[in-house]
Amino acid sequence: SGAGLNNGQWHSVSLSVKRNRISVRVDNDMTSSAHASIPLQISSGDILYFGGCPSSGNISECNTSFGGFQGCMRLISIGNKAVDVISIQQNGFGNFSDLQMDLCGITDRCLPNYCEHGGECSQSWNSFHCNCANTGYKGATCHYPIYEQSCEAYKHRGNTSGFYNIDSDGSGPLGPFLVYCNMTDATWTIIQHNSTNLTRVKSANRENPHTVFFKYSASLDQLQATINLADHCEQELAYYCKKSRLLDKSDGMALSWWIGRTNETHTYWGGSLPAVQKCACGLEGSCIDSQHYCNCDADRDEWTNDTGFLSYKDHLPVTEIVITDTDRPNSEAAYKLGPLLCRGDRTFWNSASFNTETSYLHFPTFHGELSADVSFFFKTTASSGVFLENLGIQDFIRIELQSPSEVVFSFDVGNGPSEVIVQSRSSLNDNQWHYVRAERNVKEASLQIDQLPQRSHSAPPDGHIRLQLNSQLFVGGTASRQKGFLGCIRSLRLNGMALDLEERAKITPGVEPGCPGHCSSYGNLCHNGGKCREKYSGFSCDCTFSAYGGPFCNKGKHISAYFWTGTSVTYNFQEYYTLAKNTSSHASSFYADMTLTREAITFAFRTTRTPSLLLYVGSFYKEYLSVILTRNGDLQIRYKLDSHQDPDVFSISSKSVADGQLQHVKINREEETLFVEVNQNERMKFILSSGTEFNAIKSLTLGKIL
């Protein structure tokens, strides 16, 4: 009978035994009481044991597979007669062992609740447990974020454009939210709002203004954290007008304005600068009426607009627009506000180079009494060194490279020094970036390096739990100036807050801001022959010599050329012996003695000129393949795979393909079977009679045959 009885609340139990019938009732709930009839008489013995069996004396009937009861009992009565617990305590009635009398000493391990970010606390007798489901966080106390801090961080894990949850303040109080990451050479974060359409406005005046509020897919605090991280943010604001002014020149009063994140009113418009009451055309001197600083202020009876990007980060995003000048005859306005766009992540590449063992950076004391997390990237050629240290009177926290393949996270919160060690099979002093994440909370301490398995140590039960530090935080060294770190530290975050290593390094001898050499670690993200190019903060993939584009040279790109009359492009395929001597990565994969029994060719073209040659592949044996436009605009494919026979000629004549539109052609040959598809129309099948082997191909020509 009963359910959920280990919830720390009082429950009543009633056990009734009468001859051959037993019944149990819990919490006076008649509906869930349980009964049983037994075919023999039951009588109780002289002694009743509560809470467990005595350790002295072997009472076989009392022993069970269960452990003794842990918890409190009160209001015990036997045979409807209350038991006087005080008389038991005075040994006048029964005896007892290991009890606290007259108080209930259950420890509520969920009060205070150490589960963070809305994690649900549950407890056993000795400890508590946090359920982090659907919180966006993980770990023993739901402290550490599941999601990356920015689109930039996702990009450098090799992710492509798409929707991602980001957590701008890491393990801080702000939760994650959904954004679109546009991974181009730059990384753009796109945050939408609820009113993206062009909206027309009529009959608004100062007494009855048209006011619109914009609600974003994140809170203003989350937006502010994202904007603070970004290198640059912007938002396009377009204002279309017909006899609707932004500024009343007669009294200098704004007729329309917008309100930003901090609830301040702004009267500068897209493409202009804060503190000047102008539009983009006013800065450029290109307004339709040179007496005004906005096109709309010309007050003309025809549509014009003032459009541009607002890019002063402290004022973004736009939260409200107010329009008041559309109530005169023929007066009308329309506005359109784009999504908030932010580029880059200032903290992801923020780094410092430590050039001597005695050099270090210092920051204010780290406060992480109950939960602390530290994450950073490092690269070094040294075999040991301290990354970070903060001391208290007795407590301390330290992360160090103890040997070329071993990182140690050590700390003391009053229970004596403790350490977590991660060993790597490969050396960590290979001058490539390695990621370190350490966390300490009231339940455990953990350490992770790169993608290696996380190591963790449980905290002692009922020990000290507060980490109390009082000295400065040392980065790249220690207070004793022993075992300083030589190398680079990047993207250092403590409890979700990024430390500005570069600013501090600028004024510290022996430490340089920034850290060159990202390609050794991230070059493998450049695919398909793309070359990694170093930048001050980060790197980029140069796709010049790749058939692919995109930030990592893994997106198909169109390589195209424009042909004048009589021009052509020829690729000569390598002969075998020259390839062996020159093993350049750009050498062709075709050899002169190669025999093809199948080809797959795709290309697109656009022309109005006929007749013309699109593609020609020739061999050393007078065999060839050609794709031709005939005089009347038909596509014709010719295969001559036997030099002693006439070529096979196949014409595809639906409608002229020389109509100036882009035409897509796919040609696939499997031995004597040829498939041709034009513009995703039905695939056509042809059979070759001139052979199946294309021998010793020599060159491929696009355009006119030379």
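Including glycine, each Cβ sits where the backbone N, Cα and C put it.
Feature annotation from TrEMBL assigns domain 'Laminin G' to 1-104, 350-515, 568-706. What TrEMBL records for 106-143, 516-554 is domain 'EGF-like'. Annotation source TrEMBL lists domain 'Fibrinogen C-terminal' at 142-193. Per TrEMBL, disulfide bond is recorded for CYS488-CYS515.
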Inset, instruction - Give the number of CB atoms, excluding that of CYS488 (disulfide bond) itself, located within 10 Å of its CB. - result: 22
Legend entry - Tertiary contacts of the domain 'EGF-like' (106-143) (same chain, 6+ residues out, Cβ under 8 Å): 8, 70-72, 165, 167, 171, 175-176, 370-371, 373, 439, 441-444, 446, 461
Legend entry - Cβ-Cβ under 8 Å with the domain 'EGF-like' (516-554): same-chain residues at least 6 beyond its ends: 155-156, 158, 160, 183-185, 187, 348-349, 379, 431-433, 585-586
Inset, instruction - Would you count the other C-beta atoms found within 10 angstroms of the C-beta of CYS515 (disulfide bond) for me? - result: 25
Legend entry - Within the domain 'Fibrinogen C-terminal' (142-193), residues counted as helix, strand or coil by DSSP: 5 helix, 20 strand, 27 coil
Inset, instruction - Using DSSP, tally how many residues of the domain 'Laminin G' (568-706) sit in helix, strand and coil. - result: 6 helix, 67 strand, 66 coil
Inset, instruction - Restricting attention to the domain 'Fibrinogen C-terminal' (142-193), give the mean pLDDT. - result: 93
